[in-house]
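A.B. asks: Here it is: the structure, laid out below.
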Amino acid sequence: MAHQALPFAITLDILKRRLPAHLQEPKIGIVCGSGLSTLASALRDVVEVPYSELEGFGTSTVQGHKSSLAFGLLGPGNGIPVVAMLGRFHPYEGHKLSTVVYPIRVLARLGVRNLIITNAAGSLNPKLPVGTIVAIQDHVAIPNMAGPLNPLLGPSLGPEYPRFLPLSNAHSIKLRRLAFLAAHKLGLADDALAEGVYAWVSGPTYETPAEGRFLRAAGADVVGMSTIPEVLAAREEGLEVIVLSLVTNFVVIPDKYRSIKEEVKAELAGKPIEQPPQQVVSHQEVLNVGKQKADVMKDLVAKIIEMIPTD
Ligand SMILES: O=P(O)(O)O[C@@H]1C[C@H](O)[C@@H](CO)O1
Ligand SMILES: Nc1nc2[nH]cnc2c(=O)[nH]1
């Protein structure tokens, strides 16, 4: 989909007809990561619009991702109008990058100014155990650096868009401050919300131990297969962005490789070495941790939203 062909007018018109007036101009957006679609249960007056009804949207094919936009209100009083993406598109599903980020551009056109992106991620850092939520302070986008997988490639969307987008300020300090203040208000343990660097890889394969070591050496704390295209499009659209990664597993990085040569030699010498089980990551494990921690993530996201100043 070339930029010029993006069907914004049609999508926005469908949404206008589907939504009551008080939900038509959300100021805050949420992207729900793997297993985290229940974040929308914090909303009231919810209207869900399936992606299948929305021109330009794809369908999420990944288990743990629904395929709809949920509009609703959050917080005290009249509430703040919010829109949540229940399910995202990953390039590894075969979606074009322009499709992956299309919902973000639609959210921007609806009036969203602050975006909270969540995801499930593997930990590369022993200090970030499973269950930790990580406020992302920076990122390494391996597919952007190594090949043509940057959603901003191609003709500019218009003269008001910067051709060369700076990313040293990609992850909003204002929103990260609110996240830590929100965690404090919620009485979360100090280690429940940490800070770290996210590495984006294309997936859908999980890391080999050597790749895990490489990413760790490159300064990454967690790794995942999503989010960064959304961050780039959101920043291009002028949104403030915070990324919250839920650590769902450790990337398997043994201190040293098992030597099969030594094991065979020991076996032949009649002194077999006990063989440790081989560890592997699974998407089911990722979803299970998402389910266990969905409420903490939901409370944190809701509290951040309540604290975002309304203008
Ligand atoms: O959409 P997110 O980033 O939350 O999903 C993660 C990355 C892969 O899509 C999947 C791997 O288990 O979970
Ligand atoms: N690349 C990657 N993505 C993940 N998403 C959740 N866990 C992981 C992981 O270990 N690696």
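Quick reminder: no glycine exception, Cβ is built from N, Cα and C everywhere.
Here TrEMBL flags 27-253 as domain 'Nucleoside phosphorylase'. Annotation comment: TrEMBL describes Ser34, His65, Arg88, Phe89, His90, Ala120, Ser226 as phosphate binding site. According to TrEMBL, the purine D-ribonucleoside binding site annotation covers Glu207, Asn249.
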A.B. asks: Look at each of the binding-site residues, Ser34, Ser226, Asn249, and point out the one with the fewest other Cβ atoms around it within 10 Å.
C.D. replies: Asn249
A.B. asks: Can you tell which of the binding-site residues Arg88, His90, Ala120 lies nearest to Asn249 (purine D-ribonucleoside binding site) in space, using Cα positions?
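C.D. replies: Smallest Cα separation from Asn249 (purine D-ribonucleoside binding site) among Arg88, His90, Ala120: Ala120.
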A.B. asks: In sequence order, which same-chain residues at least six apart have a C-beta under 8 angstroms from Ala120 (phosphate binding site)?
C.D. replies: Gly33, Ser34, Gly35, Leu36, Gly224, Ser245, Leu246, Thr248, Val286, Leu287, Val289, Gly290
A.B. asks: List those of the binding-site residues Ser34, Phe89, His90, Ser226, Asn249 whose Cβ lies under 6 Å from any atom of ligand 1, in sequence order, or write none if there are none.
C.D. replies: Ser34, His90, Ser226
A.B. asks: Quick check: in three-state DSSP terms, what is Glu207 (purine D-ribonucleoside binding site)?
C.D. replies: coil
A.B. asks: Cβ under 6 Å from ligand 2: which of the binding-site residues Ser34, Arg88, Asn249 qualify?
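C.D. replies: From Ser34, Arg88, Asn249, counting a Cβ under 6 Å from ligand 2 as near, the near ones are Asn249.
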A.B. asks: If one looks at the chain holding Glu207 (purine D-ribonucleoside binding site), which residues at least 6 apart in sequence have a CB under 8 angstroms from its CB?
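C.D. replies: When sequence neighbours closer than 6 are ignored, Glu207 (purine D-ribonucleoside binding site) has Gly122, Val201, Leu215, Val223, Val251, Val252 within Cβ distance under 8 Å.
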